[in-house]
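Have a look at the structure below before the remarks.
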Amino acid sequence: MAIQAAEISQILKDQIKSFGQDAQVAEVGRVLSVGDGIARVYGLDNVQAGEMVEFPGGIQGMALNLEADNVGVVIFGSDRDIKEGDTVKRTNSIVDVPAGNELLGRVVDGLGNPLDGKGPINASERRVADSKAPGIIPRKSVHEPMATGLKAIDAMIPVGRGQRELIIGDRQTGKTAVALDTILNQKSYNDAAGDDENKKLYCIYVAVGQKRSTVAQLVKKLEETGAIEYSIVVAATASDPAPMQFLAPYAATAMAEFFRDNGRHALIVYDDLSKQAVSYRQMSLLLRRPPGREAYPGDVFYLHSRLLERSSKLNEDNGGGSLTALPVIETQGGDVSAFIPTNVISITDGQIFLETELFFQGIRPAVNTGLSVSRVGSSAQTKAMSSVAGPVKLSLAQYREMAAFAQFGSDLDASTQRLLARGARLTELMKQPQYSPLTNAEIVTMIFAGTNGFLDEIKVSDVGRFEEGLLNHMRSNKKDVLDWITNEDPKIKGDAADKLKAAIEEFAADFA
């Protein structure tokens, strides 16, 4: 069979034409050394600070130290499968995470990967984890209340939408309980808002360095109460690598900023930032960065300030959205003057102080109302609340002062005895069981009863019973009064005070 030369040349031409030129160019480097979750990589000359890089087997890392001859990369995952000589690829993207409504009701890790077994998350967008905080011009003063449902906080240390309020205390003082109650309290408000996105508050809870069992318990509680529908849980637990614990708060803030930037409202709880600082210290020391006070690196203040500055209230031109932050800090032996606590106190707009002593006395939430402060929240209080809350702060401050002196002498004049009696009852009134947040109107009613002498003749041990009875009476017989406080937000004085007084008197007359 004769082979035609023309045919051969035609076949070759066709082959050349159909040759696929899908060559992929990737900038790669080699691992020089690896250990303790840190890899030293040679050859990634153009890598950016904070860029995501990829190791064999899909393990990801983040370039943090850009040095003259190598790059220090922190590894998001186990470093056991990475060895010297492995190739490392650039991804050309700064670390980003998924964001959007699709994340609501889900539990994810610090990179936005699902942990709850409910399938993949097809998020509408991705956001850079460590983005820049809004400037001065787009912001607005905090003026809308963010109700926690806790009497002691809503009355005396009010938090507004867009505020950063620190929750600080020793271990086992109920810090997470305060934050969790705040998330649960939003359910009634979100249900009442219906489709009005402007009134809803979405919640993001970040667990940093906690036990998995604790996080599982919290998620279970959110599911039982139905609060998971408007919440996102970001978990970087104690068994996760330090880089994941460092990244989780930034990633969660990026998810929360989706709501803020779309004219909606979000609340983010960082539980807790002490553990984030510890994991950042670990990474920095392993990267051979010079240590400073308490062996923390020099930029540990910036670590928290750039995170918390992203929580803000935006003005109407920028959508009017807000992001409220409740960072949690754990102190050692009540030492508030340690490095991290002082840093975060100076960054935030106030702090809620929880004390071990109060906790063991049975005063829960164990809020020290003398040391706790809200620097911007008073302008966000409802009119009804601010008109009844003033006398409480004063009465409790005087009570604390007098109680110290009263221990020394027994012959006290009548006015001092009255002050001590009322202070003891108000302190009792501020107690509240966990998972039972109250509405704004219910708190106003209870505090009004306390400051207007309705508790003065009742035994301290009966205050809880009186409160329970009064709340049931108001909910079943005087719902119109509660609705009036909620909808009209009147200043409780003059006729308004008389109306509320009459409703309480109706119950107090029959209480025994």
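Placed from the backbone N, Cα and C atoms, the Cβ positions cover glycine too.
The ATP binding site annotation in Swiss-Prot covers Gly169, Asp170, Arg171, Gln172, Thr173, Gly174, Lys175, Thr176. The DSSP secondary structure for Thr176 (ATP binding site) is helix.
The feature site 'Required for activity' is assigned by Swiss-Prot to Ser372. Counting Cβ atoms from all protein chains shown, Ser372 (site 'Required for activity') has 21 others lying within 10 Å of its own Cβ. Secondary structure at Ser372 (site 'Required for activity'), as computed by DSSP, is coil.
Cβ proximity to the ATP site centre (mean Cβ of Gly169, Asp170, Arg171, Gln172, Thr173, Gly174, Lys175, Thr176, cutoff 8 Å) flags the following additional same-chain residues: Glu330, Leu354, Thr356, Phe359, Ala366. DSSP assigns Asp170 (ATP binding site) to coil in the three-state reduction, placing it in neither a helix nor a strand. Long-range Cβ contacts of Lys175 (ATP binding site) within its own chain (separation 6+, distance under 8 Å): Ile167, Ile168, Gly169, Asp271, Asp272, Val328, Glu330, Leu354. Within 10 Å of the Cβ of Gly169 (ATP binding site) there are 27 other Cβ atoms, across all protein chains. Take the CB of Arg171 (ATP binding site) and look out to 10 A: across all protein chains shown you find 11 other CB atoms. Within the same chain, residues at least six positions away from Thr173 (ATP binding site) with a Cβ under 8 Å of its Cβ are Leu354, Glu355, Thr356, Phe359, Ala366.
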